[in-house]
Amino acid sequence: MASKVLRAIILGPPGSGKGTVCQRIADSFGLQHLSSGHFLRENIRTDTEVGILAKQYMQQGLLVPDHVITRLMIMELESRRVQPWLLDGFPRTLTQAEALDQICQPDLVISLNIPFETLKDRLSRRWIHPSSGRVYNQEFNPPQVQGVDDVTGEPLIQQEDDKPEAVAAKLRQYKEVAKPVIELYKTRGILHSFSGTETNKIWPYVYSLFSNKMASVGVKTA
(Lines of atoms letter the chains of each structure in order from A; the text may use other names.)
(Lines give C-alpha, C1' and ligand atoms only; values in the text may rest on other atoms or scores of the structure.)
Protein backbone atom coordinates (compact mmCIF):
# COMPACT_ATOMS: atom_id res chain seq x y z
CA MET A 1 0.00 0.00 0.00
CA ALA A 2 1.31 3.49 -0.85
CA SER A 3 2.55 5.66 1.97
CA LYS A 4 0.27 8.41 3.19
CA VAL A 5 3.33 10.68 3.33
CA LEU A 6 4.05 11.63 -0.27
CA ARG A 7 7.68 11.94 -1.38
CA ALA A 8 8.29 13.40 -4.82
CA ILE A 9 11.23 14.48 -6.99
CA ILE A 10 11.38 17.00 -9.81
CA LEU A 11 14.03 16.60 -12.52
CA GLY A 12 14.90 19.04 -15.25
CA PRO A 13 17.82 20.87 -16.81
CA PRO A 14 18.87 24.39 -15.81
CA GLY A 15 16.27 26.87 -17.02
CA SER A 16 13.45 24.30 -17.13
CA GLY A 17 11.33 26.13 -14.54
CA LYS A 18 11.89 23.58 -11.74
CA GLY A 19 11.89 26.24 -9.04
CA THR A 20 8.60 27.76 -10.20
CA VAL A 21 6.87 24.38 -10.48
CA CYS A 22 8.20 23.29 -7.08
CA GLN A 23 6.87 26.42 -5.40
CA ARG A 24 3.44 25.90 -6.95
CA ILE A 25 3.35 22.27 -5.84
CA ALA A 26 4.42 23.24 -2.32
CA ASP A 27 1.77 25.97 -2.12
CA SER A 28 -1.00 23.78 -3.59
CA PHE A 29 -0.35 20.49 -1.81
CA GLY A 30 1.58 21.26 1.36
CA LEU A 31 4.77 19.41 0.43
CA GLN A 32 8.03 20.86 1.72
CA HIS A 33 10.16 22.18 -1.13
CA LEU A 34 13.65 20.84 -0.39
CA SER A 35 16.21 22.49 -2.68
CA SER A 36 19.77 21.17 -2.68
CA GLY A 37 20.98 24.60 -3.82
CA HIS A 38 19.27 26.28 -0.84
CA PHE A 39 20.74 23.82 1.68
CA LEU A 40 24.17 24.18 0.11
CA ARG A 41 24.07 28.00 0.39
CA GLU A 42 22.83 27.80 4.00
CA ASN A 43 25.60 25.40 5.01
CA ILE A 44 28.24 27.57 3.34
CA ARG A 45 26.83 30.70 4.99
CA THR A 46 26.83 29.14 8.47
CA ASP A 47 30.23 27.42 8.04
CA THR A 48 29.09 23.89 8.82
CA GLU A 49 31.51 21.05 8.23
CA VAL A 50 29.77 20.15 4.95
CA GLY A 51 29.55 23.84 3.98
CA ILE A 52 33.28 24.40 4.48
CA LEU A 53 34.06 21.29 2.45
CA ALA A 54 31.75 22.37 -0.40
CA LYS A 55 33.20 25.88 -0.40
CA GLN A 56 36.72 24.50 -0.90
CA TYR A 57 35.63 22.80 -4.14
CA MET A 58 33.70 25.84 -5.36
CA GLN A 59 36.61 28.21 -4.72
CA GLN A 60 38.72 26.03 -7.02
CA GLY A 61 36.05 26.25 -9.71
CA LEU A 62 35.15 22.58 -9.24
CA LEU A 63 31.73 20.94 -9.00
CA VAL A 64 30.80 19.88 -5.49
CA PRO A 65 31.26 16.08 -5.65
CA ASP A 66 28.54 13.48 -5.18
CA HIS A 67 29.61 12.40 -1.71
CA VAL A 68 29.40 15.96 -0.32
CA ILE A 69 25.97 16.73 -1.81
CA THR A 70 24.70 13.29 -0.78
CA ARG A 71 25.90 13.74 2.79
CA LEU A 72 24.23 17.16 2.97
CA MET A 73 20.88 15.98 1.58
CA ILE A 74 20.72 12.73 3.56
CA MET A 75 21.19 14.74 6.77
CA GLU A 76 18.29 16.99 5.81
CA LEU A 77 16.05 14.08 4.80
CA GLU A 78 16.84 12.07 7.93
CA SER A 79 15.30 14.89 9.97
CA ARG A 80 12.15 14.82 7.82
CA ARG A 81 11.34 11.09 7.80
CA VAL A 82 7.65 11.62 8.68
CA GLN A 83 7.09 14.69 6.51
CA PRO A 84 5.91 14.98 2.88
CA TRP A 85 8.51 16.59 0.63
CA LEU A 86 9.46 17.54 -2.90
CA LEU A 87 13.14 17.26 -3.86
CA ASP A 88 14.62 19.84 -6.22
CA GLY A 89 18.20 19.42 -7.47
CA PHE A 90 18.69 16.00 -5.86
CA PRO A 91 19.32 13.32 -6.96
CA ARG A 92 21.25 14.57 -9.98
CA THR A 93 23.30 11.43 -10.55
CA LEU A 94 22.73 7.69 -10.32
CA THR A 95 25.05 7.54 -7.30
CA GLN A 96 22.89 10.11 -5.51
CA ALA A 97 19.69 8.26 -6.48
CA GLU A 98 21.08 5.02 -5.05
CA ALA A 99 22.04 6.80 -1.82
CA LEU A 100 18.51 8.21 -1.55
CA ASP A 101 17.10 4.68 -1.87
CA GLN A 102 18.90 3.74 1.32
CA ILE A 103 16.61 5.94 3.40
CA CYS A 104 13.51 6.41 1.27
CA GLN A 105 12.11 5.47 -2.13
CA PRO A 106 10.16 8.26 -3.84
CA ASP A 107 6.50 7.81 -4.79
CA LEU A 108 6.48 10.16 -7.76
CA VAL A 109 9.10 11.66 -10.09
CA ILE A 110 8.45 14.50 -12.54
CA SER A 111 10.76 15.17 -15.46
CA LEU A 112 10.47 18.51 -17.29
CA ASN A 113 11.39 18.26 -20.97
CA ILE A 114 11.98 21.71 -22.43
CA PRO A 115 13.34 22.29 -25.97
CA PHE A 116 17.02 23.18 -26.18
CA GLU A 117 16.43 26.57 -27.84
CA THR A 118 13.94 27.56 -25.11
CA LEU A 119 16.40 26.61 -22.37
CA LYS A 120 19.23 28.49 -24.07
CA ASP A 121 17.06 31.59 -24.37
CA ARG A 122 15.81 31.40 -20.76
CA LEU A 123 19.29 30.94 -19.30
CA SER A 124 20.76 33.81 -21.29
CA ARG A 125 18.06 36.07 -19.80
CA ARG A 126 18.49 34.77 -16.23
CA TRP A 127 19.78 36.94 -13.39
CA ILE A 128 20.40 35.75 -9.84
CA HIS A 129 20.55 37.21 -6.33
CA PRO A 130 23.66 35.36 -5.07
CA SER A 131 23.01 35.16 -1.32
CA SER A 132 19.38 33.97 -1.50
CA GLY A 133 19.42 32.12 -4.82
CA ARG A 134 16.37 34.04 -6.07
CA VAL A 135 16.15 33.81 -9.85
CA TYR A 136 14.75 36.43 -12.22
CA ASN A 137 14.15 36.28 -15.94
CA GLN A 138 14.10 39.44 -18.02
CA GLU A 139 11.18 38.13 -20.06
CA PHE A 140 8.65 36.43 -17.76
CA ASN A 141 9.83 37.16 -14.19
CA PRO A 142 11.71 40.48 -14.25
CA PRO A 143 12.74 42.30 -11.05
CA GLN A 144 10.71 45.37 -10.13
CA VAL A 145 13.82 47.48 -10.67
CA GLN A 146 16.21 46.39 -13.44
CA GLY A 147 19.30 44.68 -12.00
CA VAL A 148 18.11 44.83 -8.37
CA ASP A 149 16.70 42.13 -6.05
CA ASP A 150 13.06 42.79 -5.09
CA VAL A 151 13.51 41.81 -1.43
CA THR A 152 16.90 43.21 -0.40
CA GLY A 153 17.61 45.86 -3.04
CA GLU A 154 21.01 44.23 -3.61
CA PRO A 155 22.46 43.91 -7.13
CA LEU A 156 21.71 40.90 -9.31
CA ILE A 157 24.38 39.05 -11.27
CA GLN A 158 24.45 36.93 -14.38
CA GLN A 159 26.43 33.79 -13.68
CA GLU A 160 29.29 33.01 -16.03
CA ASP A 161 27.72 29.66 -16.91
CA ASP A 162 24.40 31.34 -17.77
CA LYS A 163 26.06 33.33 -20.53
CA PRO A 164 25.15 32.01 -23.99
CA GLU A 165 28.55 30.52 -24.79
CA ALA A 166 28.46 28.31 -21.66
CA VAL A 167 24.82 27.23 -21.81
CA ALA A 168 25.15 24.54 -24.51
CA ALA A 169 27.91 22.72 -22.62
CA LYS A 170 25.93 22.85 -19.37
CA LEU A 171 22.83 21.39 -21.01
CA ARG A 172 24.81 18.59 -22.66
CA GLN A 173 26.37 17.73 -19.32
CA TYR A 174 22.97 17.64 -17.61
CA LYS A 175 21.54 15.31 -20.25
CA GLU A 176 24.46 12.90 -19.94
CA VAL A 177 24.33 12.72 -16.13
CA ALA A 178 20.54 12.71 -15.78
CA LYS A 179 19.83 9.98 -18.34
CA PRO A 180 20.52 7.00 -16.01
CA VAL A 181 18.53 8.66 -13.20
CA ILE A 182 15.55 9.14 -15.51
CA GLU A 183 15.86 5.54 -16.73
CA LEU A 184 15.96 4.25 -13.14
CA TYR A 185 12.68 5.92 -12.21
CA LYS A 186 11.13 5.06 -15.56
CA THR A 187 11.73 1.34 -15.00
CA ARG A 188 10.05 1.65 -11.59
CA GLY A 189 6.96 3.11 -13.21
CA ILE A 190 6.99 6.33 -11.16
CA LEU A 191 8.35 8.74 -13.79
CA HIS A 192 5.99 11.28 -15.36
CA SER A 193 7.40 13.48 -18.15
CA PHE A 194 5.98 16.83 -19.19
CA SER A 195 7.05 18.64 -22.35
CA GLY A 196 6.52 22.22 -23.43
CA THR A 197 7.96 25.70 -23.73
CA GLU A 198 5.83 27.50 -21.11
CA THR A 199 5.57 26.66 -17.42
CA ASN A 200 2.01 28.01 -17.24
CA LYS A 201 0.90 25.52 -19.90
CA ILE A 202 2.66 22.57 -18.26
CA TRP A 203 1.41 23.39 -14.76
CA PRO A 204 -2.26 22.24 -15.13
CA TYR A 205 -1.06 18.74 -16.05
CA VAL A 206 1.35 18.65 -13.10
CA TYR A 207 -1.45 19.87 -10.80
CA SER A 208 -3.78 17.13 -12.06
CA LEU A 209 -1.12 14.45 -11.52
CA PHE A 210 -0.51 15.53 -7.92
CA SER A 211 -4.23 15.85 -7.18
CA ASN A 212 -4.82 12.29 -8.34
CA LYS A 213 -1.76 10.94 -6.53
CA MET A 214 -2.67 12.65 -3.26
CA ALA A 215 -6.20 11.26 -3.49
CA SER A 216 -4.94 7.74 -4.23
CA VAL A 217 -2.77 7.64 -1.08
CA GLY A 218 -5.50 9.09 1.09
CA VAL A 219 -3.99 12.53 1.61
CA LYS A 220 -6.28 15.53 1.44
CA THR A 221 -5.20 18.20 -1.02
CA ALA A 222 -4.78 21.83 0.01
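Numbers here mean position along the shown chain, with the first residue as 1.
Cβ atoms are placed via backbone N, Cα and C, with glycine included.
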TrEMBL feature region 'NMPbind', matched against 35-64, 65-94, maps to 35-64
Just how spread out is the AMP site if you go by the largest Cα to Cα distance in Å among SER36, ARG41, LEU62, LEU63, VAL64, GLY89, PHE90, PRO91, ARG92, GLN96?
19
Could you give me three numbers for the region 'LID' (125-162), the DSSP helix, strand and coil residue counts?
3 helix, 11 strand, 24 coil
Close approaches to the domain 'Adenylate kinase active site lid' (126-161) from elsewhere in its chain (Cβ under 8 angstroms; 6 or more beyond its ends)
15, 19-20, 35, 37-38, 41, 45, 167, 170
For PHE90 (AMP binding site), the spatially nearest of the binding-site residues GLY15, GLY19, ARG126, TYR136, using Cα atoms, is GLY19
